[in-house]
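Taken from TrEMBL, the feature domain 'Acyl-CoA dehydrogenase/oxidase N-terminal' covers 9-117. Annotated domain 'Acyl-CoA oxidase/dehydrogenase middle' per TrEMBL: 122-220, in sequence order. As annotated by TrEMBL, domain 'Acyl-CoA dehydrogenase/oxidase C-terminal' applies to 233-380.
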Ligand SMILES: Cc1cc2nc3c(=O)[nH]c(=O)nc-3n(C[C@H](O)[C@H](O)[C@H](O)COP(=O)(O)OP(=O)(O)OC[C@H]3O[C@@H](n4cnc5c(N)ncnc54)[C@H](O)[C@@H]3O)c2cc1C
């Protein structure tokens, strides 16, 4: 038992995800990466097996599992050499709909998301001119009768080309007319199938990871009023509300990566013989791998604390942020140790190390950069003066 979770049922989830991932081995991911494709078969298989609906309540067709179980699913995908960045949006975004959507919205969307008939893989928050300073977003949604009209621009919006729905954050009341800068923003469900070509233009961004991500241009996009989630003006609070769960899930993804790197490095260090002995016999090779292992295991404890607090209705803010920070640092340390252990071969695509190295590096920046977590800890846990 760890933080009172039933380890047998978590192990059963691990086994299930692992056996599915065995059909999508490292050569599958390498091939997708090389052609800069999207792993449609993998995403379909995960959906059909019900793993992406893990957290949807049973009455809406899901499994009604907790954050701990969801985190194990994403951890195992990365631990098997895959990239959960292709599926995690669906899990993160569902929180918003489940917690803040109306009963009519939940009835309309959740069963279809659970069955795979609809995909909710995208959330559009970041903008090119405002970055992390989210309350300054310039995309506006202006109510006109029974619709909202959206104008503006977003950047780095992932999986739009492989999703049916997207959650959009836009300003509904100008910044200079609100009491608090966090008010006056709203979130909407955008039906991408109707929007693209009718007010929404999607421009893919070539990037370091094989991550389907895009610039979005809104030019009088019309959204029906019934697609507003929750109360007008409260959207930023709804987005923040989902972040603790998201942080804990990202932590688990990083831990999966960290374990993949450590296993890969250890195997290679045992087998590669130079100067007449395995390179892993040298402490200079052993120690960075051992240090990374210690860091990953320590980060994992904080991840379980975060999941436990969240699943038991406690405030998980501190643990979730610290878990994300520690895990992203640990997976990056493990990535470096693994690359260094492989010497020149670490750079060869066929070893998969350089691909996973690129993939895990992203977690230092997105969906939240390391500095922003440090400033959260400084301000909210240590009561240091607010820096921005
Ligand atoms: C591959 C990829 C996929 C993404 N997918 C999505 C998505 O689906 N939806 C979405 O909305 N966004 C997405 N993002 C955006 C991502 O969330 C942002 O890139 C991230 O939050 C950082 O914002 P920024 O790039 O605007 O950096 P900036 O805000 O411009 O910051 C640049 C650097 O300065 C640092 N910095 C800024 N202000 C401070 C400060 N006050 N103190 C200390 N340091 C500071 C930051 O930590 C960062 O390192 C994605 C990004 C990438 C790269």
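Yeah, the Cβs are placed from backbone N, Cα and C, and that goes for glycine too.
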Let's see if you can do this one: DSSP helix, strand and coil counts over the domain 'Acyl-CoA dehydrogenase/oxidase C-terminal' (233-380), in that order.
125 helix, 5 strand, 18 coil
Its residues classified by DSSP, the domain 'Acyl-CoA dehydrogenase/oxidase N-terminal' (9-117) shows 79 helix, 0 strand, 30 coil
